[in-house]
Amino acid sequence: QCCPTMPECCRI
């Protein structure tokens, strides 16, 4: 899932 405050979380 993508984090609103951390868009890069989507890449992981």
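Glycine is no exception: its Cβ is also placed from the backbone N, Cα and C atoms.
Taken straight from Swiss-Prot:
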- GLN1: pyrrolidone carboxylic acid (MOD_RES)
- CYS2-CYS9: disulfide bond (DISULFID)
- CYS3-CYS10: disulfide bond (DISULFID)
- ILE12: isoleucine amide (MOD_RES)
Alpha-carbon distance [CYS3 (disulfide bond); CYS9 (disulfide bond)] in Å: 6
Cα-to-Cα gap, CYS2 (disulfide bond) vs CYS10 (disulfide bond), nearest whole Å: 4
Set of same-chain residues at least 6 away whose C-beta sits under 8 angstroms from CYS3 (disulfide bond): CYS9, CYS10
Cβ packing number for CYS10 (disulfide bond), 10 Å threshold: 9
All-chain count of other Cβ atoms within 10 Å of CYS2 (disulfide bond): 10
